[in-house]
Amino acid sequence: MSPQTETKASVGFKAGVKDYKLTYYTPEYETKDTDILAAFRVTPQPGVPPEEAGAAVAAESSTGTWTTVWTDGLTSLDRYKGRCYGLEPVPGEDNQFIAYVAYPLDLFEEGSVTNMFTSIVGNVFGFKALRALRLEDLRIPTAYVKTFDGPPHGIQVERDKLNKYGRPLLGCTIKPKLGLSAKNYGRACYECLRGGLDFTKDDENVNSQPFMRWRDRFLFCAEAIYKAQAETGEIKGHYLNATAGNCEDMMKRAVFARELGVPIVMHDYLTGGFTANTSLSQYCRDNGLLLHIHRAMHAVIDRQKNHGMHFRVLAKALRMSGGDHIHSGTVVGKLEGEREITLGFVDLLRDDFIEKDRSRGIYFTQDWVSLPGVLPVASGGIHVWHMPALTEIFGDDSVLQFGGGTLGHPWGNAPGAVANRVALEACVQARNEGRDLATEGNEIIREATKWSPELAAACEVWKEIKFEFQAMDTLDTDKDKDKKR
């Protein structure tokens, strides 16, 4: 047995401390199809070699601790330990590198995102030998994927339920997000749905506050849905936020939504927690409810480039835990999102098989083995002038959600919804006729304003509104080479 892969049991117990790399750095290791693979961005403290830092990550997120312990001799360390099997420098950074770590599948409980994250992104992120640590990507082996139920229904089943095909779905977050009474809230939902939207939505922090208790909101929103359906002949929905202070209340709200006969409920999966989310997803699957997922709190975890966890990992975890929609950024709106990176995790949400593609931030090939897909939701600071770009970027299998871009229309909520529906239909028709939305988008919208005064009014209001800030989360490049160019 080589010194690099020795087990403590094989050489007898010796009390004391030894370098992590002697046990957990194994560059000769050949990964198995059943291993969970992780790519960590590691920033070690000065004086800590990359090999030791990478091995420390593998150790502290699997079987290791700071000193040798005699109980190591009671198990097979080679079978259960994580292994740092590769290191690569980060382009343009002198003190960062990517550490590749393989974890044996037996370390994780079946069907539990909670347990997976507790190990992989647990205490190791506070390890003093590291200045910063970020989980960039995970490869989930098919053997582990098959232990998860995934989304309650998936993209195709949702389209069949709603009888809507060949275009993105349209939504609107009701604003102001806090302070409306339940009756006025329901009125706004009705006006938006009547005007042509497919969905309206509770904002992430609408739960059950003194100004609007959850049961009242559910009742008035259900009335709005049924009234709008009767008038338009289309199936409508409102994302009723079931998130609560405890799982029992969350399930009570989901049960009431089912009793009302509405098509969809909502959950804040990061603040609510993965255990609660998986339970709600299973209930939705068993009872025919779609599940919309909001990612509130994600930027606390994923926005800093050198520490935390990339959203592509949170997106994969959500697909495993369960959700039919999830917010994914817009690229063009007010929230963080670089184009190629966003398209990378959008594909990870929707597609069945995704090849490794570092140009889009995808570190590993991922096979979902027919786990249902998730619709990405583009939401945040978007309006009718963004419609061509959104349609071109996200394609048909997406939800485009305009809050202020609907309710801020100068003529009211229903005309705002009409403007968005007309803009979307114009873009879809132009695309189907072979026109290039990226280059002809503004012209397509202007042409549509000739037969839609509602769209013309919206275009006039928001013609100057842009959110042109550099994204924090960008692809790694060699800064010296970029300067020379």
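Our numbering is plain: 1 for the first residue shown, then up by one each step along the chain.
Just so you know, glycine gets a Cβ as well, placed from its N, Cα and C.
Record check, Swiss-Prot: substrate site residues include Asn123, Thr173, Lys177, Arg295, His327, and the candidate from Ser76, Ser370, Ser379 also listed there is Ser379. When the C-alpha distances from Asn123 (substrate binding site) to the recorded positions Lys14, Lys201, Asp203, Glu204 are tabulated, the minimum falls on Lys14. Summary of the Mg(2+) site environment: with the site residues Lys201, Asp203, Glu204 set aside, the chain residues having Cβ atoms within 8 Å of the Cβ mean position are Thr173, Ile174, Lys177, Asp202, Asn205, Val206, Tyr239, Asn241, Met266, His294. In the three-state DSSP scheme, Asn123 (substrate binding site) is classed as helix. Cβ neighbour counts within 10 Å, taken over all protein chains shown, single out Lys201 as the most crowded of the binding-site residues Lys201, Arg295, His327. The binding-site residues recorded for this entry are Thr173, Lys201, Asp203, Glu204, Ser379, and the Cα of Glu204 lies nearest to that of Lys14 (N6,N6,N6-trimethyllysine). Taking Asp203 (Mg(2+) binding site) as the reference point, the binding-site residues whose C-alpha atoms are within 10 Å of its C-alpha, out of Thr173, Lys177, Arg295, His327, Ser379, are Thr173, Lys177. Neighbours of Ser379 (substrate binding site), defined as other CB atoms within 10 A of its CB across all chains, total 25.
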